[in-house]
Amino acid sequence: FQAFVYFASVFQAMSCGIHYLASVFMAVTPNFVCGIPGNVSSVLFYNSSESSLEDIWTLWTSTENYIVVQLENGETWELSQCSRSKREVSLDLAYEYKGNKSVFSCSDGFLYDDTKWKSTVVTQWDLVCDREWLAKLIQPTFMLGVLIGAVIFGDIADRLGRQRVVWFTSAGQFVFGIAVAFTFDYYSFVIVRFLLAMVSSGYLVVAFVYVTEFVGIKARTWASMHVHAFFAMGIMIVALVGFLVRTWWVYQIFLSIATLPFVLCCWMLPETPFWLLSEERYEDAQKVINIMARWNNVSTPCKVSELCSVQQEDLVGGGTGDSDTSSTKKHNILDLFCNWHIARRTITVWLIWFTGSLGYYVFSLSSVNLGGNEYLNLFLIGAVELPCYIIACIGMDKLGRRNTLIPFLILSALICVLIMFIPQDFNILIILANMAGKFSIGVAFGLIYLYTAELYPTIVRSLAVGSGSMMCRVGSVVAPFCVYLRSVWIFMPLLLVGIMALLSGILTIMLPETLGKPLTNTLVEATEMGRNKKSCSGKTPPAHSGTALEKIEMFGQETVSTEK
């Protein structure tokens, strides 16, 4: 049962990877020049003379180039990307001209190179020249929707349940994904994509919680880590569909229907027993447990009523007035800075979250600009993630969380520096180095989820992970702007990622190792885990053992191993 729920849920995570990276081909800007104010009789580009403009694009090498065209009425025009000039004297058709010219704006639109892409959103709405900034806002506005969606749907999932949010966000991804293809102008396109980003992010956040609450303790690390792997498979699908479909709205439709099977069957997924018990819906929780028992051939499923009675006994036997008062104390973001040691830990963890997200999307979004086959580049950038999560899991269990995080952060910084010294003609070597960079930053990005949860006590653990996730979203919003800095210096994005990764790796040395250590319950215990003497105010008692939720979790493990 747990396996069915897990693979059904993470299958839809592919759609998140699809929509997050869809813009790399959908919003590409091909070569272009100003439109022609008439019918063309001949075209000249340097020493090459052609009868049609389409034959010139194979010779186009720089945005500084211009094309000379002669119209049927005898006029001669020079066409550049954002302006056009009419020659005052049109005797002979020559590329070089020293006479007087009249400069005009591109009032007749633009002519685009359609040898690679038949249509993109840039060519659809002329997002070039003075409207180029609109094209550059497509990915950042999507990532802003990702940030907001994670906050909104994470809160809704706690209030209304995981099941309803999974249903709504899954259907929303399909509906908004299809709707994007039928938007009628740029602004409706951005708005619908923003809504698509919100539901995609909402699904990914809730899916992590959903599968974690169903999967047993022994498989939890591997199961949660490999949600990222299905996200990476979504990136690979983007590369494949982009190669096969070169019209942006058809491309968007194909990407949106890729996970349609899940939308049709997601209503079968149940609510998690954890959430049902937290809401005191014991009968519903019992129904889910009975279904699990039938699927896993367990003849004597556990009874929620028995577990709840045990929980009440534990609470009565272990609770005191002072403890109850302190345990119900509300905590806020300031508790993550209650003393110097916890504050330093928080700043470091936030920086790792930000750097991991920044590096992840810089390597992914830049892959189509590496030279060679851009579709193969993106496919390989996605494929390299699959083994990196296996390495992360093995490293966390064998070497420890910190001892795995530090070398891969520093390695990613060194790779960024290495890429700067590779000659631009060595395309294969550049692609391999970028894959290595994506691999190393992927390992660090993957394990920070679990490491953050282990670094903080129970009373602020969700707050710590949530705030770290917010920094992750900020990194994803900044990443597209970082990629655009290639126009300033081709290595500027790599330089920024390298500096951030090196700084994060050095600061990680000061974090405590959590492998094999019990989870802490109070800020005092969390501070002492770092071998510090200062403590935070406001102690809370250790968490009670033997709760109903813990026993449900144990039952989930037993049902998995019944067949052995």
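Note that Cβ sites are derived from N, Cα and C of the backbone, with glycine treated the same way.
As given in TrEMBL:
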type	residues	note
DOMAIN	94-516	domain 'Major facilitator superfamily (MFS) profile'
TRANSMEM	133-153	transmembrane segment
TRANSMEM	165-184	transmembrane segment
TRANSMEM	190-211	transmembrane segment
TRANSMEM	223-243	transmembrane segment
TRANSMEM	249-269	transmembrane segment
TRANSMEM	347-363	transmembrane segment
TRANSMEM	375-392	transmembrane segment
TRANSMEM	404-422	transmembrane segment
TRANSMEM	428-451	transmembrane segment
TRANSMEM	463-483	transmembrane segment
TRANSMEM	489-511	transmembrane segment
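With respect to Cβ pairs under 8 Å, the transmembrane segment (428-451) is most closely packed against 489-511, considering the stretches 133-153, 190-211, 489-511. When Cβ-Cβ distances below 8 Å are used as the criterion, the transmembrane segment (190-211) is approached by residues 5-6, 9-10, 12-13, 15-16, 19-20, 137-138, 141-150, 152-154, 156-157, 162, 165-166, 168-170, 172-173, 176-177, 179-180, 183, 223-224, 227, 231, 272, 449, 469, 473 of the same chain, each at least six residues removed from its ends. If one looks beyond the transmembrane segment (249-269) by at least 6 residues along the same chain, the residues whose Cβ comes under 8 Å of a Cβ in the stretch are 5, 8-9, 11-12, 14-15, 18-19, 22, 25-26, 119, 163, 166-167, 170-171, 173-174, 177-178, 180-182, 237-238, 241-242. For the transmembrane segment (347-363), the residues of the chain that approach it from at least six positions outside its boundaries are 143, 381, 405, 409, 412, 434, 437-438, 441-442, 444-445, 448, 451-452, 455, 464, 467-469, 471-476, 478-480, 482-483, 493-494, 496-497, 500-501, 503-504, 507-508, 510-511, judged by C-beta separation under 8 angstroms.
The transmembrane segment (463-483) makes no contact with the transmembrane segment (223-243): fewer than 3 of their CB pairs lie within 8 A, with pairs spaced 6 or more apart in sequence.
With a cut-off of 8 Å between Cβ atoms, the residues of this chain six or more beyond the transmembrane segment (133-153) that come close are 19-20, 23, 27, 29, 121-122, 125, 127, 165, 169, 186, 190, 193-206, 361, 365, 469-470, 473-474, 476-477, 479-481, 484. In the predicted model, residues of the domain 'Major facilitator superfamily (MFS) profile' (94-516) average a pLDDT of 85.
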